[in-house]
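A.B. asks: So that we are looking at the same thing, I have put the structure below in C-alpha cells.
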Amino acid sequence: MPVKRYLPFEVEVEDITLPDRTWPDKKITQAPQWCAVDLRDGNQALIDPMSPERKRRMFELLVKMGFKEIEVGFPSASQTDFDFVREIIEKNMIPDDVTIQVLVQAREHLIRRTFEACEGAKNVIVHFYNSTSILQRDVVFRMNKDQVKTLATDAAELIKTIAQDYPDTNWRWEYSPESYTGTEVEYAKEVVDAVVEVMDPTPENPIIINLPATVEMITPNVYADSIEWMHRNLNRRDSIILSLHPHNDRGTGVAAAELGYMAGADRIEGCLFGNGERTGNVCLVTLALNMLTQGVDPQLDFSDIKHIRRTVEYCNQLRVPERHPYGGDLVFTAFSGSHQDAINKGLDALAAKVKPGASSTEVAWEELRSTEWEVPYLPIDPKDVGRDYEAVIRVNSQSGKGGVAYIMKTDHGLKMPRSMQVEFSAVVQNVTDAEGGEVNSKEMWDIFATEYLDRSAPVEQIALRVENAQTENDDATITAELVVDGENQTVSGRGNGPLAAYANALESLNIDVEIQEYSQHARTSGDDAEAAAYVLAEVNGRMVWGVGIAGSITYASLKAVTSAVNRALDFKHQQLQNGGV
C-alpha cells in the first residue's frame, strides 16, 4: 500500500494536546438539543434527490418524532429548495414549537435570497458558513487567514442588517467554520470569536456555533479534545450553544458525537440512519437509542422504528442495511444456537420477575414492561421500538434458510424478502421433520404453492377492478368480487394506492389488514411476463406473509394480500406453522 502518500493528522493539521482533559470522566445523563438535517445535508447526497412529495413525508416524520429544529433546505442554492421552504411556510405546516433551519454560504446574494425564502415563518435559524481548513484555504479559496475571517464577519454583519427588514420572524443564528476538523483550533477560535462579536448574542438569545467534522480525519478522542478546548476557550461561552456535526468517514461518527457531547457540546446535527455525503452524517437513530439503553430519555419517539425506516427508505430511495443498529432487519436476530438459548432463558427470567414460575409465553408484554430489561445479546427490548420477538426466538427452526432461498430464486424466480425466507424455511423444516429426508426443487415449489398460492378459503378472489385517481396522493378505488366462507360478496374501498384501498374494502368483512412490508419484482420476462409480490400484513392481530403471482404488479400485490388474509384466518394452519412470522 502507498503509505507514504498519507500524512498523520498531527502533521497535516496540528497535534492537539489536552493533558488535563475532563471528558473521559463525564457521563451522558440527558439528551442534547437535536437538529435533523435529512432534508438538506442528507438530501444533497442522494442519487435521486427528494421530490416535493418525499420532502413533505420526511418533514412530517421528523415533526412526528419530536424534532424541534429541522434543517429544511438550502433555499438560495436551488429553486426546488426555495419552493419547498415557501410551501411549508405558506401552508402553515410548521408547528409553533418547531424551528426551521436554512443553510447558506457566506455570500451576499445567497444570504438575501435566503431571507426572501423564509419570509413569514415564525421561527428560523439562519445557518451560515465558510470553510476555514488549511487545505480549503490553500487549494479551494486561495485566501489567507485574515481574508477567510473577513468573509465570515462580513456575512455576519450583512445577516444582522437584513434581518431588520423582517421583524415578524424570530431569527436565530448559527455559524459553522466548515471543515473544522482540518482547521487549527486556535484559528477556529479566532474566527468564531470574531463572528460572535458581530452577532452580539446573550445568554437569553444565544448563537449556535457548529463545529463540524465535515470530513472525519482522526480518532474520536482527538475530536473530543478539540471540542473541550473550544468549550473552555471560546469567548462569551455563556451566550453560545455549542453544536456538533460529525460525519462518518472513518466509521466512528457515533463515537465522535458521544465523546464530543461529553466534552462540552450542547447540540448535535445528523440524519436518520446516517444518510449523507460519502459515508454519511452521524446516525441520529443510533445516537438516540444508545442513550435509551443507558436509561436516558432521548426526547424523540422511536416507538415504531419500522415505520420510521420505511419512510426514510422511501424518501431517500436507499435501503437501510440489515445490520444497521436498531433498525436493520437482522439486528434482533440470533442465528447461533447458544445465543438463542441465552435469549430464551433471559426472556423467561424476565417473565419470572413479574410472575414467579412463569415463562415468557405466559406473561403479556405489557406486564414485562414493568421490569428492568436484562436479556443476553439484546441491548434493548425490540418491542420498545415497535419490533417483535418472533424472529429472535425462532432462530433454531430456521437453519437452511440460505439454501431454501437459493433454490426458490434460481429454480423458481422468486426473490423472497429476508424475513420471509426465514418464515418459509421454517415451513419447509416442518415438512422435513414430519416426513424425513430431503426436499427437492419440485417438492419445495409444491410446498410453497400450497402454503401461499393455492389457498382459496375463507376468501377467494373472483374479480377485482382498480381505479386510480389522478391526484398527487395516488388515491385508488377498488371493487372486489369475492367468495367469503362460501358466499358471494362485493366490497369496495378507497386508499392511498391499491393495497390500502383493498385493505379498506376488507374492513367491511371485519377483516382488519395493516400492511407492514411490501416488495415486488418481475418473475419472468417476455410477452407472458409474470410479477411476484410479497406482503407482510397484520391481519386481525396475526402477522403473516402473503404471496401473489400475476401478469401485473397490481394484481400480484392484491393476490398477496388475499394470501396473507387466508393464512392468518386459517387457525389450523397457524397451529401447524407455530405462530407465523
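Even glycines carry a Cβ here, placed using N, Cα and C.
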A.B. asks: Since Swiss-Prot lists His245, His247, Asn281 for Mg(2+), which candidate among Asp25, Asp41, Asp485 does it give for that site as well?
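C.D. replies: The candidate from Asp25, Asp41, Asp485 that Swiss-Prot ties to Mg(2+) along with His245, His247, Asn281 is Asp41.
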A.B. asks: Using DSSP reduced to three states, classify Asp41 (Mg(2+) binding site) as helix, strand or coil.
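C.D. replies: Asp41 (Mg(2+) binding site) sits in a helix per DSSP.
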A.B. asks: So for Asp41 (Mg(2+) binding site), how many other CB atoms are inside 10 Å of its CB?
C.D. replies: 23
A.B. asks: In the region 'Regulatory domain' (455-581), how many residues does DSSP assign to helix, to strand and to coil?
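C.D. replies: The region 'Regulatory domain' (455-581) comes out at 36 helix, 56 strand, 35 coil.
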A.B. asks: Enumerate the residues of the same chain, Asp41, His245, His247, Asn281 excluded, that satisfy the criterion Cβ within 8 A of the mean position of the Cβ atoms of the recorded Mg(2+) site; list them in sequence order.
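C.D. replies: Residues close to the Mg(2+) site, other than Asp41, His245, His247, Asn281: Val37, Pro212, Ala213, Thr214, Pro246, Glu269, Gly270, Cys271, Gly276, Glu277, Gly280, Val282.
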